[in-house]
Amino acid sequence: MKPNNPPRIAVLLVNLGTPDEPTAPAVRRYLKQFLSDPRVIEIPQFLWAIILNLFVLPTRPKRVAEAYASVWEGDSPIRKILNQQVDKLHARLEGSMGPFNISVHPAMSYGNPGLPDVMDKLCAEGVEHFVILPLFPQYSATSGGAVYDALTKWSLKQRNLPSYTIVKDYFAHPLYIKALADSIRRFQAVHGKPDKLMFSFHGIPQPYADKGDPYPKRCKCTAAQVAQELGLSQDEWIISFQSRFGKQEWVKPYTDVTLEQWGKAGVRSVQVVSPAFSADCLETLEELAMENRDNFINAGGQEYHYIPALNDDEAHIDLMEALAKPLVAGWASTLEGWT
């Protein structure tokens, strides 16, 4: 006999996070949560707590809030775009799996809507199966690893656990590579081809990579495959890493240093794409599109363009559907009495 209602399956699109508003107090709350995660800062926690509370949080939130204010239009860009991605993927999946009730929801590792809160709410509403899709194309312990941690901590508090599957990453998925290449082609059809195309990825400290974090290798694989898809020669593109924090060495080459060197060396035009970001955010709209543009132009460069992230582009939603739908179908096939 079938139950009265078909089983509920939820797909969660998870991104890093954002403050609730572009103010120093809101940014301070967000940074405290983010920078307190030992996945992000791998130094002894008692020592880092002193540095964070005495030196970072008293000064950094005001500067970061001003940067957020420069890109804030009614809401944080990353949350606004995440909601758009959710709506589009929901429209694709809703009603596509027979009698099953499938929904798509946003979640964040830090800030709101927090992943544990979303899980609590949906479980209370009767969701029994989850597909978790972290929107970090290249897995790193500092990003995707934090999603695994949050789910593990949440699970330890549950009496009746739901089923869930996590998509680790998709750095070489053919639809991802094609979507990136096509977005670059469309941009260059309007703005022309540059002297140099830069693939700028968010950096991680070099010691993290030395300990086995696969992120840099995944970034290099993504960039190389997109460059190959575009038919670029080796001297037409480069991979670099941005957003250094603190004084330790990070994975090189550095985006800002490379741009300054190019400007001084006579490189006239540069276009920058940042494949690690599934949605435009502070690091792309302010750091890449504005701050690093100034670095390049002030060093002697003449033309600089940032190529937007995939955001809610239909090809990006195609990728998300291709990642989520087989897992949703997998859950559906195990639900005896409803298949």
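Glycine residues also receive a Cβ, built from the backbone N, Cα and C atoms like all the rest.
What Swiss-Prot says about this one:
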- His202, Glu283: Fe cation binding site (BINDING)
Surrounding CB atoms that lie within 10 Å of the CB of Glu283 (Fe cation binding site), all protein chains: 20
Structural state of Glu283 (Fe cation binding site), classified by DSSP into three states: helix
